[in-house]
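Engineer: Pasting a structure here, questions to come.
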């Protein structure tokens with residue numbers, strides 16, 4: 001126990017001694033730092049370029065670190081990004097011998113005390129022209145100054161939305177000196193691209209690179225060259241959100257348009273379904289138009305909406321025409337012969353349109369012929385029987401009239417039998433005329449009804465035809481959109 005207590009005492013004593021030494025060293029370094037600061041900035045001016053020879057070019061090394069994408073405003077074409085901007089240069093008037101200051105090799109001082117290059121973002125799209133953030137700079141004994149400053153930049157970016165929501169964007173960030181030309185301040189790339197090691201993943205955009213290129217441009221106002229460094233931010237949109245909220249609902253709604261042709265004509269909802277689908281797509285089109293810039297480049301999803309709306313408008317117009325065919329009555333002309341052959345004979349079999357009680361195992365033509373033959377023969381047979389029966393009765397009446405006339409002439413007999421016979425014959429004649437009139441009316445009614453049924457079947461066949469045509473169009477339009485996205 002005594003040995004453990006003694007060892008603990010020695011350890012505590014050693015830690016106390018070390019802390020006192022470190023505090024003394026820090027105090028010494030702080031003393032030398034104050035002394036160094038007073039000597040360096042005694043006659044220093046941050047208004048002039050820190051070079052001993054005014055004809056000498058001052059090199060400024062620039063490095064950009066992308067930390068986060070704040071926002072991409074496609075409509076106003078503005079990119080908001082959170083950057084870390086590092087600039088380093090050599091100040092000829094801020095050097096010292098570190099051995100004279102107890103090995104002090106660097107100090108940190110406010111950036112507004114030293115000369116700073118006026119490097120700005122050329123394509124800035126913000127109304128705020130405030131001064132850069134006054135963070136500290138690191139000053140080394142050899143005169144090298146390193147200035148790290150965070151910045152939230154808003155830069156103009158030409159947005160191409162032709163393939164929205166499967167688009168890629170390239171936004172430039174151009175940095176250069178505003179007043180110093182290339183003969184006074186030259187900008188050097190620290191890296192070949194922007195630093196993306198500390199990038200916070202964005203929910204909407206993927207970063208595919210940030211290459212840097214140095215440009216030397218001579219502007220029309222001045223004859224001196226002005227160097228700048230352009231960082232190109234390559235962005236790829238994550239399209240899952242737009243697929244599930246804009247594209248997929250449109251595809252599902254567009255598949256409802258061909259089903260309007262399958263809806264029964266007597267339901268009275270065929271036209272209203274097309275109009276409802278058209279209004280729904282108009283709402284989605286307005287949602288896309290609100291977030292897109294008003295440019296000549298129509299986005300891919302906008303083209304899909306317009307094509308689908310055009311198709312639905314055409315389907316509604318065709319539905320109205322087919323409804324007129326369906327409701328053709330007795331006043332309509334008979335179905336033309338070519339329509340009977342093409343539509344009723346061939347197309348009805350292709351699209352499996354059959355009458356009530358008719359199926360693919362009992363062809364339409366055979367049933368119609370059988371019904372016509374049975375119906376016509378039975379009707380004609382019965383009509384002949386009635387006419388023969390009535391004719392026989394008329395013949396009997398005529399014979400009776402002749403016999404009665406002969407008897408009356410021979411015997412001079414005029415009685416009630418003669419009158420009854422004459423009345424009976426006149427009743428049979430009136431009955432024949434009435435029966436013929438009724439038969440003609442029934443025949444005309446059947447003909448008109450058969451004519452209306454034929455027009456209804458023509459309308460039904462055309463409904464099925466256009467339904468499959470529009471289904472194929474919607475399918476290929478959807479595949480085309482997905483193919484262009486891939």
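Placed from the backbone N, Cα and C atoms, the Cβ positions cover glycine too.
What you see is a predicted model, and the numbers here were worked out from it, not measured in a lab.
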Engineer: Check each of the ranges 194-215, 216-237, 304-325, 326-347 against TrEMBL and return the one annotated as transmembrane segment.
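Structural biologist: From TrEMBL, the annotated transmembrane segment range turns out to be 304-325.
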Engineer: Of the ranges 145-168, 169-192, 241-264, which one does TrEMBL list as transmembrane segment?
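Structural biologist: Of the candidate stretches, TrEMBL labels 241-264 as transmembrane segment.
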Engineer: Examine the ranges 95-116, 117-138, 271-292 and name the one recorded by TrEMBL as transmembrane segment.
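Structural biologist: Matching range for transmembrane segment: 271-292.
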Engineer: Could you give the residue numbers and ranges of same-chain residues that sit at least 6 residues beyond the transmembrane segment (304-325) on either side and whose C-beta is under 8 angstroms from one of its C-beta atoms?
Structural biologist: 247, 250, 253-254, 257-258, 260-261, 265, 270-271, 274-275, 277-278, 281-282, 284-285, 288, 298, 455-456, 458-459, 462-463, 466, 470, 473-474, 477, 481
Engineer: Can you name the far-off residues of the same chain, 6+ from the ends of the transmembrane segment (271-292), with a Cβ under 8 Å from a Cβ of it?
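Structural biologist: Distant Cβ neighbours of the transmembrane segment (271-292) are 74-75, 161, 164, 246, 249-250, 253-254, 256-257, 259-260, 263, 299, 301-302, 305-306, 308-309, 312-313, 315-316, 319-320, 323.
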Engineer: So which residues does the transmembrane segment (241-264) touch in its own chain, when a touch means Cβ under 8 Å and the partner is 6 or more beyond its ends?
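Structural biologist: Here the qualifying positions are 164-165, 204, 270, 273-274, 277, 280-281, 284, 287-288, 301, 304-305, 308, 311-312, 315-316, 318-319, 322, 463-464, 466-468, 470-471, 474, 477-478, 481.
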Engineer: Restricting to the same chain and to residues at least six past its boundaries, which positions have a Cβ under 8 Å from a Cβ of the transmembrane segment (465-483)?
Structural biologist: 247, 251, 254-255, 257-259, 261-262, 300-301, 304, 307-308, 311, 315, 318, 322, 347, 351
